[in-house]
Amino acid sequence: AFFWLVSLLLSSLIWFIAVKASDPRDEPLQRGLLIFGVVFSVLLQEVFRFLYYNLLRKAIEGLVALSEDGCSPISIQQMAYVAGVGFGLMSGAFSMINLLADALGPGTVGIHGDSQLYFLTSAFMTMVLIFLHTFWGILFFHGCEHRRWWEIAAVVVMHLAVSGSTFCNPLYVGSLVPSYLLMAIAAVWAYLLSGGSAQNVWRFLLCKS
Amino acid sequence: GVYSKDYGPEYAHCNTTVWNPVGSGLSYEDFDFPIFLLEDANETQVIKQCYQDHNIPRDGSGPEYPLCAMQLFSHMHAVTSTVTCMRRSSLQSTFSINPEIVCDPLLDYNVWSTLQPINSSGKVEPDKEVIMVATRIDSHSFFWNIAPGAESAVSSFVTHLAAAEALHKASDVHLLQRNVMFTFFQGETFDYIGSSRMVYDMENDKFPLRLDNIHSFVELNQVALRNGSALWMHTDPVSRLNASVGAQVRNLLDILSSSSVGSNVTLEEVEYSQPLPPSSFQRFLRARHIPGVVLTDHRAAFQNRYYQSMYDTPENIGVQYPAGLSPEETLEYVTDTAKALADVATVVARALYRLAGGANNTSAIQADPKTVTRMLYGFLIKMNNSWFQSIIKPDLQGILGKSNTRRKNTGMGLIPRGSFLSLNKGTAWLFPRGSLQSPTPPFSSQLYDYAWVQGSLEPNSTSRAPYCVRSTVHLSKALSPAFELRQWGSTEYSTWTESRWKEIRARIFLVASKELEIITLVVGIIILVFSLLATYFINAKADILFSLPRDPGAVAY
């Protein structure tokens, strides 16, 4: 979570400087700067995910050295999951806290003149992002572990796609539907990588032991 | 008032005469929601714009959410009644280190002045007789600070001031047998706070005069809307049943009638059996049967259609100026209303001269319409004018600047009024600027009040020529005796209080429909419950779901 926070800080610093250095009345320029800021932030988040992976790798070596039976008490998959959850939770918190604070007072419709479904869609978007970060954590670490660069590239591309789809707002169909589809794909992929299979799901649903 | 089941029961509770039949009593209703009055067109434009954008029904059906809504804040700290809130305040101030007072009694000052100076800290001998002239100076309306009171208050006290000025023009005022006291009562709208307090002080020796000193009482009440030339004289029928009082009242009425000979005012008497209209005189009658008369422009019901309303504006009494005048010209322009009030003031002044024992010709006693019109302009249209600026003390100049709209209420600053009285009647000793030293008056300092006033602007410069004014104007506290006696539930005296309040404001915003809010909440709860259940089941069956671990140490949490 801390790593995600640092990445957000750096990317927002860059965007802030860019905005202040430019003309605030130029609408297309501002929009362009926003797009640039989003892309830059996504890339920076993935970079920090990679840095975190390296950190954990070194930590596992240390844990193995300290343990009694030569195995680390926590596997890299567990670390991948936890890292993903951390990223997701922190991004979710940042997305929703301001909104929740504004939700207290009157005048909650769309806050700044947006649609009245703003709260609902923001909540769903945040939920999908948290899930996605979790699954991406698993995919990313697996890709780094087994040197499958196309998995890493897929994570980055998916992240860019989801963030880019939010520019369709207030046409919420354009942002929520693709995001949920991508989440379904990432979920299935991460599940398969974590040791699941369709047969297991079938056995789970039929409540077999 | 004076009429009750013990005194004139047939007149009590407006049995005989209804004084204000068009009155709605709106100010005395209890509303449990705030009501705001917006005068600024910019503020109302915002509201209208929001309504046009969101709240207009389209195509015949009702408007759809989101809709425009407004939230009004008008928090009052006091509750229930005076008894409750005063009790709470007194408990707080007695026992708490940081007391939280919730309401305050209405408090201001009466202004009084005498023709011949009397020692305000001493006592007047019992055989010295005084004629009291009284008017009220406060008004009231439904909204705070919007109470011009043109007919109900301003007309009467402006006439009173003009009569005082006229009386001073008589040459032998200091030789008159009886003194005349010009009294301006504050808080009369709220159950006669000022007059009841003065009577209480007189009865308890806290005032230089006693009730025995009062020879007769003349009150001016709403004199601007005369029908034709008629001015009506009201008396109290119950006290006139007493022979001596009746004779004195008769004498009073005759003197008044004879003073109106040759003027544009015709004094008429109302029927003998009609009671007094609501007036400060009634409080004095409660204590002592003083002969007195109340002068009004109405015979029975008020001529004033906007009594205690925010529409009691200068237009209500016919104060209208031709278009295109500068503020200075408007100040000096003599309206017909001013002339009419000046006529009334002349009659009153001449009658007072006669009542006080003056025997000479009264043709010199003439009220000046120019003064009357300037006072009307200042009190009704624009307070911040050159004349008011020139007669006010320098440190009080801010009062004039604040209000350039018509406002008047009980808490209005009285000092301008004090300045008025002093100018209308006092002798001015001129001290040029720079040589200010405390004057060594030959009389005791409690006889007079000295004020250093700004003076008028010198031509073509911004400096003024101030001077010192000596006058016999005094202030007396106008706080209801109920609060002095701590009888907060008193039915004898006024117990009006004002609640403490927070800032009055409003905000405007859009609201979503209730259905949407409920849906949002329910969806959130469902997802929460579902996620908890899913987590539980996945955790319980983790070994089934993740049965092919790649690494030792299965993924389990």
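Even glycines carry a Cβ here, placed using N, Cα and C.
Listed in TrEMBL for this protein:
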type	residues	note
SIGNAL	A:1-21	signal peptide
TRANSMEM	A:31-52	transmembrane segment
TRANSMEM	A:79-97	transmembrane segment
TRANSMEM	A:117-140	transmembrane segment
TRANSMEM	A:152-173	transmembrane segment
TRANSMEM	A:179-202	transmembrane segment
Take the transmembrane segment (A:31-52) and find every residue of the same chain, 6 or more past its ends, with a Cβ under 8 Å from one of its Cβ atoms.
3-4, 6-8, 10-12, 14-15, 18-19, 22, 83, 87, 136-137, 140, 144, 152, 155-156, 159-160, 163-164, 167
Using a Cβ cut-off of under 8 Å, list the residues of the same chain at least 6 residues beyond the transmembrane segment (A:179-202) that approach it.
77, 81, 125, 128-129, 131-132, 134-136, 138-139, 142, 158, 161-162, 165
Go through the chain and flag residues at least 6 beyond the ends of the signal peptide (A:1-21) whose CB is under 8 A from any CB in it; none is fine as an answer.
30, 33-34, 36-37, 40-41, 44-45, 47-49, 51-52, 86-87, 89-91, 94
